[in-house]
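> So TrEMBL lists the following for this protein:
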BINDING   Ser7, His63, Gly139, Phe140, Gly141, Gly142, Asp172, Gly173, Gly174, Gly194, Ser195  substrate binding site
BINDING   His30, Asp32, His63, Asp172  divalent metal cation binding site
ACT_SITE  Asp32  active site, proton acceptor
ACT_SITE  Asp172  active site, proton donor
Amino acid sequence: MAQINPSILSADFARLAEEAKAVEGADWLHVDVMDNHFVPNLTLGVPIVEALSKATDTPLDCHLMIEDADRWAPSYVEAGAGSVTFHAEAAAAPVRLAREIRAKGARASMALKPATPIEPYEDLLPELDMLLIMTVEPGFGGQAFLDIMLPKIRRTRELISKHGLELWLQVDGGVSATTIERCAEAGADVFVAGSAVYGAADPAAAVRDLRALADVATAAAPWACDH
Ligand code: DX5
Ligand code: ZN
């Protein structure tokens, strides 16, 4: 079944605990950490992740859009994140970092900006629990989905099948009721949605609707025929 991860970047930051509860049927809560260096925006860090992990039972999916990921990512596992995503472009030693995240007890994930190809990372995929393909330039919520990323999603799904990996394939950026089916058809199975969930009148219903759309599209997708 498709996993839907609402992004709290689009939530009310003054009411984070309530906003987390508003999407309790979600699989993970997506937490965007930005440092104003890797991306031109500043959001939150370790203390808020720590507080949020105590305030909700939904596991936290921390997406680190920060420089020097090697130094900072392990702190997010200690803060309570169940999954930690670092950017390939910001990690000096991605294999060592993924192993450290796993050793500390979280799922290890790596993200690729739109201009970063998947091919150089083919041999690293067994070290990861999830690969995140950005479908916007990272930094802000509410941007338009980049259709030009669909071939990369397809190629990544092919690599996952070729190597028989248990790797989740996440998409993030512009995912909504009008774009989620294209992502699922291309091979994504974990979907981050910020504005499409928190911009809806009923965020919990938006999560259910998105999951239903993704599930139908996945069932019809060639890559999922053996699932
Ligand atoms: C953008 C963030 C996303 C953002 C998605 O850099 O990584 O997680 O919250 O927001 P929407 O779904 O509104 O594009
Ligand atoms: Zn994100």
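Cβ coordinates are placed from backbone N, Cα and C, and glycine is handled just like the others.
A TrEMBL annotation is a machine prediction, not a hand-curated record.
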> Can you check what DSSP calls Asp32 (divalent metal cation binding site), collapsed to helix, strand or coil?
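Its secondary structure by DSSP: strand.
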> Can you tell me which of the binding-site residues Ser7, Gly141, Gly174 is spatially closest to His63 (divalent metal cation binding site)? Compare CA atoms only.
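So, spelling it out, the nearest of the binding-site residues is Ser7.
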> Filter the candidate list Asp32, Gly139, Gly141, Gly174, Ser195 of binding-site residues, keeping only entries whose CB is under 6 Å from an atom of ligand 2.
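With ligand 2 as the reference and 6 Å as the Cβ limit, the list reads Asp32.
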> Other than Ser7, His63, Gly139, Phe140, Gly141, Gly142, Asp172, Gly173, Gly174, Gly194, Ser195, which residues of the chain come within 8 Å of the substrate site, judged by Cβ distance to the Cβ centroid of those residues?
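Residues close to the substrate site, other than Ser7, His63, Gly139, Phe140, Gly141, Gly142, Asp172, Gly173, Gly174, Gly194, Ser195: Leu9, Ser10, Asp32, Val136, Pro138, Gln143, Val192.
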> Inside 8 A of the center formed by the CB atoms of His30, Asp32, His63, Asp172, which other residues of the chain have their CB, for the recorded divalent metal cation site?
Asn5, Ser7, Leu9, Val31, Asp61, Cys62, Thr85, Leu132, Val192, Gly194
> CB neighbours of Ser195 (substrate binding site) within 10 A?
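There are 17 such Cβ atoms around Ser195 (substrate binding site).
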